[in-house]
């Protein structure tokens, strides 16, 4: 299989609380075309618990995945026999869901004699902008997906160098925890963003974590604690209190992330030269305030900003299919004994930053 061939790939995503399948075409020139993208969210199943329950998530994937795949194939107008490959997210993620998706992909591949591609969920986010915008390597990636917040130099398919990472909470986690703390509905991230629009970001003097450091790492646990402390002083909270707390929290996150991205882009330029673009991927990139901040950061360093459409920032099958197609074009396929993985580094040689060896920063 070579990059001179057009490739049709089915992608399956089940790492968390979205059941998704999609079909993409990778043309001979390396450009992409999305033929279908079906996503079924489990929000209603998890809302009563205020967060994702792994057992419920896995069972929901089992219940609906076959139908989601059938819908994706039907919308694309593609038969299984026409596929060049079938890709599934093999991690990182909730292991029950990962098993469901990967096992289903193996069955399809086995029955139809189709190559299997086991995709790293984070790599799929990292490569999505090449589907939507045909961006060339190397580019600087701001990845904010689930429990991950990282700045990564994307040098090629399978070639990633981490420039910065969170040493505690990821951005998405912090938004969700603040929402739960303030009694906002699940999923919390969009609720905090919505409340912040009606709030005063200057009412509370929240800290701006890691500001001015030479490294490009993130930390949000102290900010989260500061919000909790201020909320505790105001009990019971009225709606405007909640709006102002969310606005202050989001403003602090934006300033901190902008500073950390500035450091990351400087490190990128020192090691690899100017990036072809600043790229954002992952669910947090769907936040409109974060998108505005990213535009300002990109303008400041005079680089192009690429952010996929919101539907391709959150978890979806298209990104898995595309990553599978990119790998397949290089002849990278997997065997039937490929194991699902709850943890899977995007950059295999990464080590925790100095002084943070005992934190999650190495993951």
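Cβ from N, Cα, C; glycine included.
Features reported for this protein in Swiss-Prot:
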- 121, 125, 315: Fe cation binding site (BINDING)
- 143, 144, 145, 146, 147, 176, 189, 287: substrate binding site (BINDING)
Among the binding-site residues 176, 315, point out the residue whose Cβ has the most other Cβ atoms within 10 Å, with all shown protein chains included in the count.
315
Within 8 Å of the Cβ centroid of the Fe cation site residues 121, 125, 315, which other residues of the same chain have their Cβ?
13, 15, 89, 122, 124, 145, 146, 282, 316, 319, 320
So how far apart do the substrate binders 143, 144, 145, 146, 147, 176, 189, 287 get, largest Cα to Cα in Å?
17
What is the number of other Cβ atoms found within 10 Å of the Cβ of residue 287 (substrate binding site)?
26
Once the chains shown are all counted, how many other Cβ atoms turn up within 10 Å of the Cβ of residue 144 (substrate binding site)?
27
How far is it from residue 144 (substrate binding site) to residue 315 (Fe cation binding site), counting Cα to Cα, in Å?
11
Taking just the CA atoms, what is the gap between residue 147 (substrate binding site) and residue 121 (Fe cation binding site) in Å?
12
Have a look at the binding-site residues (121, 125) and report the one with the fewest Cβ neighbours inside 10 Å.
121
For residue 287 (substrate binding site) and residue 315 (Fe cation binding site), determine the Cα separation and express it in whole Å.
14
When a 10 Å sphere is centred on the Cβ of residue 189 (substrate binding site), how many other Cβ atoms does it contain?
22
Rounded to the nearest Å - Cα separation of residue 176 (substrate binding site) and residue 125 (Fe cation binding site):
20
Which residues, sitting 6 or more apart from residue 146 (substrate binding site) on the same chain, put a CB under 8 Å from its CB?
15, 16, 93, 170, 172, 173, 282, 283
I'm trying to understand the geometry here, so how far is the Cα atom of residue 121 (Fe cation binding site) from the Cα atom of residue 145 (substrate binding site), in Å to the nearest whole number?
9
Site of maximum Cβ density within 10 Å, from binding-site residues 143, 147:
143
C-alpha spacing of residue 145 (substrate binding site) relative to residue 125 (Fe cation binding site), in angstrom:
8
